[in-house]
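Working notes, beginning with the structure itself.
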Amino acid sequence: MKILVIGSGGREHALAWKIAQSARVSEVLVAPGNAGTATEAKCRNVAIKVDDLDGLLALAQREAVALTVVGPEVPLVLGVVDRFHAAGLRIFGPTAKAAQLEGSKAFAKDFLARHGIPTAYYAVHTEVDAALAYVREKGAPIVVKADGLAAGKGVIVAMTLGEAEDAVRDMLSGNAFGDAGARVVIEEFLDGEEASFISMVDGTHALPMATSQDHKRVGDGDTGPNTGGMGAYSPAPVVTPEVHARVMREVVEPTVQGMIADGVPFTGFLYAGLMIDAHGAPKVIEFNVRFGDPETQPVMLRLQSDLVDLVEAAIDGTLDAAQAQWDPRPSLGVVIAAKPYPETPVTGEVITGLDAVPASAKVFHAGTALNAEGQVISAGGRVLCVAALGDSVLDAQRTAYAGLQPIQWASAFQRSDIGWRAIARERDAQA
């Protein structure tokens with residue numbers, strides 16, 4: 001069978017790589033893909049943009065694609081699933097209506113409140129003066145979010161009142177995130193530890209994937225501005241078996257049932273970005289309606305089951321009878337980005353050393369392309385993710401960082417401390 005993966009990032013390379021391992025799959029088409037998927041076994045890139053729904057549908061029909069997996073949020077919010085369903089094609093992802101869980105922060109917060117799912121207090125504002133008054137009433141620290149899609153970067157954690165006021169003015173005067181900031185969601189600053197809790201959902205049932213923890217800030221020690229994510233590891237030790245049970249009971253299952261009650265059943269990857277407090281109580285920071293990036297890379301490294309079997313079970317509504325098998329070892333992925341990301345990065349630089357990466361590490365491509373000479377060049381902010389398994393998080397970290405040593409280009413940089421929280425936990429446990 002032929003499978004289509006929509007997208008061009010590290011997440012899509014990891015999904016395509018995993019799908020290609022299925023004995024049932026003859027070829028994986030990736031639209032538009034990157035330099036990594038161009039050379040991955042059984043994979044072929046097709047130059048169709050993720051927002052070209054007509055082109056994607058025509059491709060799936062022309063190539064007799066059996067199954068489509070959607071990577072990024074943009075085509076989901078645009079309604080790619082609705083279009084494929086209307087044409088009678090099998091596709092894994094939420095409808096445009098269900099994708100509003102990510103497409104609109106206000107929709108998500110209203111949904112959480114309506115269904116009694118734990119989250120931060122919040123208010124939605126469109127007027128600068130009212131928003132400023134609310135911020136002054138609540139005080140800092142406080143979180144200001146652009147309402148629409150902002151590629152994971154439309155969130156300001158304001159530690160002072162001045163920062164909060166600046167963020168409100170920026171977003172509501174339309175100069176920070178374009179249309180996405182025409183409404184802002186202002187919410188409580190939550191204390192605790194973050195975790196990414198991703199489940200596969202078939203409309204009625206949820207099958208949890210391995211947990212993970214992302215590193216949003218650009219700099220070591222979680223400093224500097226927010227990014228799409230600078231690295232991740234799996235599992236997230238903050239999600240103990242007890243916390244896992246609470247998340248399923250208090251967040252995931254009520255979300256699946258709430259979407260049914262609201263008449264928009266959810267099928268796809270449901271990503272709950274959580275804050276776990278000192279007592280193990282989860283609160284939802286955000287929903288995404290797709291797998292995380294860079295969490296997909298270390299999580300796929302640990303998945304031992306056939307991903308195609310799981311996706312088919314989800315489309316058929318039989319996830320309650322499915323099981324996912326995981327490598328018990330932790331995995332860790334380090335993103336190599338291009339300076340001055342998250343500002344507009346330098347692109348078009350030739351990347352060397354990819355063929356010298358040891359077999360103990362796996363390189364997933366994100367913002368890469370092939371130039372006319374067939375050389376791999378940088379083509380985005382987050383360029384590569386080097387991931388590895390290990391007997392401990394420290395071991396996985398060492399292997400991943402050793403794996404990225406040979407890789408070079410002029411503007412490359414990465415954090416040197418991915419996994420630090422889990423490694424500190426391991427050290428404490430041994431003390």
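Cβ coordinates come from backbone N, Cα and C, glycine included.
The ATP binding site annotation in Swiss-Prot covers 135-196 and rests on sequence analysis. According to Swiss-Prot, the feature Mg(2+) binding site maps to Glu286, Asn288. As annotated by Swiss-Prot, domain 'ATP-grasp' applies to 109-316.
Asn288 (Mg(2+) binding site): 22 other CB atoms within 10 A of its CB, across all protein chains.
Predicted-model confidence for the domain 'ATP-grasp' (109-316) is 93, expressed as mean pLDDT. Once Cβ contacts within 10 Å are tallied over all protein chains shown, the binding-site residues Val135, Met159 are led by Val135. The distance from the Cα of Asn288 (Mg(2+) binding site) to the Cα of Arg183 (ATP binding site) comes to 19 Å.
Non-local neighbourhood of Val143 (ATP binding site): Ala120, Val155, Ile156, Val157, Ala158, Ile186, Glu187, Glu188, Phe189, each in the same chain, at least six residues away, with C-beta under 8 Å from its C-beta. The Cβ of Asp191 has fewer other Cβ atoms within 10 Å than any other of the binding-site residues Asp191, Glu286.
Separating the Cα atoms of Asp191 (ATP binding site) and Glu286 (Mg(2+) binding site) is a whole-number distance of 15 Å. A gap of 16 Å separates the Cα atoms of Glu286 (Mg(2+) binding site) and Arg183 (ATP binding site).
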